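Annotated features in TrEMBL:
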TRANSMEM  29-51  transmembrane segment
DOMAIN    41-308  domain 'G-protein coupled receptors family 1 profile'
TRANSMEM  63-86  transmembrane segment
TRANSMEM  106-128  transmembrane segment
TRANSMEM  149-174  transmembrane segment
TRANSMEM  194-226  transmembrane segment
TRANSMEM  247-270  transmembrane segment
Amino acid sequence: MWPNNSLLGPCFRPTNITLEERRLIASPWFAASFCLVGLASNLLALSVLAGARQGNSHARSSFLTFLCGLVLTDFLGLLVTGAIVVSRHAILFDWHTVDPSCLLCHFMGVVMIFFGLCPLLLGAAMALERYLGITRPFSRPAASSQRRAWAMVGLVWAAALAVGLLPLLGVGRYTVQYPGSWCFLTLGTEPGDVAFGLLFVLLGSLSVGLSFLLNTVSVATLCHVYHGQEAAQQRPRDCEVEMMAQLTGIMVVATVCWMPLLVFIAQTVLRTPPLMSPAGQLPRATEKQLLIYLRVATWNQILDPWVYILFRRAVIRRLQPRLSARARPLSLRPQLTQGPMLQ
């Protein structure tokens, strides 16, 4: 608990912001428009996914299951966090008055960490699934691929929730952040704050790095298959190329949106001398930077569905009609029922 806030909950740090400054920074119209665009984008992607799941191969169905989990996570993240932020901006409620015991702040902190980690962890899980599907297509039973994919999505959700609950168990703290409209992990010098901040950064960075490594190997394998003469005759490729294009787009979006925030958190909690004072105050420039990087990271939830919507074969063929010459969906699996057996 902060020294000069002994009458309030542990989530309140000393702040020095006027009501007029809050009005200038916290626009309810901008927040509401941002959330509505994101929710509409994810709903559109979910409707497209619902139609795309009909009549797909087992590999494609597994990949679409991961995509469905990702889009659903992004939708719920925007819905829950947007409801809190937009209502805060609309009525400019005083967090000290509305939530003196910090229950709402702790809830929002858990939600922010959960919906922040989930897209990164799901991106890594999708990269692993495609890596195994491309490099070892016979190593897994196809009949259980969709069930296994949902189990993996559930495991990712459980892991992200477990990390988000750590501050409620004493590892780190959630505090109200500038301009008083959201809660997030504390960029302080306490051992728990540093450990939790670095854990969040480490998990996010490892997810991005693993996605990059596995996607690179998968793309290289596809290129090798594409240029091989025997493989070109016996191993069709369109479906895998489409999935890798979508997965690469998701990885690029996650990297661009999240890495600035992750790097900023690591730099801030490891900085010597520390930026946060013993009373819990951060320099205004640091608070503004955190807000900007958080807004950039939130764009990930809006751009993810559009990667899938735009990187589909139906859309690409309209832009490049020559691709429509391919007769049927393609797969890396050899065609064992037709032609000579592979050597």
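Note: Cβ is positioned from N, Cα and C throughout, glycine not excepted.
Contacts between the transmembrane segment (247-270) and the transmembrane segment (106-128): present, as 3 or more C-beta pairs lie under 8 angstroms, all at sequence separation of six or more. Between the transmembrane segment (194-226) and the listed ranges 29-51, 63-86, 149-174, the one holding the most Cβ pairs under 8 Å is 149-174. Away from its own ends, the transmembrane segment (63-86) comes close to residues 28, 31-32, 34-35, 38-39, 42-43, 45-46, 49, 52-53, 56, 104, 108, 111-112, 114-115, 118-119, 122-123, 125-126, 129-130, 133, 146, 149-150, 152-153, 156-157, 181-182, 243, 246-247, 250, 298, 300-302, 304-305, 308 of its chain (Cβ-Cβ under 8 Å, at least six residues beyond either end). Counting same-chain residues at least six beyond the ends of the transmembrane segment (29-51), those with a Cβ under 8 angstroms from any Cβ of the stretch are 64, 67-68, 71-72, 74-75, 78-79, 82, 85-86, 89-90, 298, 301-302, 304-306, 308-309, 312. On the 0 to 100 pLDDT scale, the domain 'G-protein coupled receptors family 1 profile' (41-308) averages 86 in the predicted structure. Within its own chain, the transmembrane segment (149-174) is flanked in space by residues 10-11, 61-63, 65-66, 69, 73, 102, 105-106, 108-115, 117-118, 121-122, 125, 129, 183-186, 188, 190, 192-193, 195-197, 199-200, 203, which lie at least six positions past its ends and keep a Cβ under 8 Å from the stretch. When Cβ-Cβ distances below 8 Å are used as the criterion, the transmembrane segment (106-128) is approached by residues 11, 63, 66-67, 69-70, 73-74, 76-77, 80-81, 84, 152-153, 156-157, 159-161, 163-165, 167-168, 174, 182-185, 200, 203-204, 206-208, 210-211, 214-215, 218, 247, 250-251, 254, 258, 297, 300-301, 304 of the same chain, each at least six residues removed from its ends.
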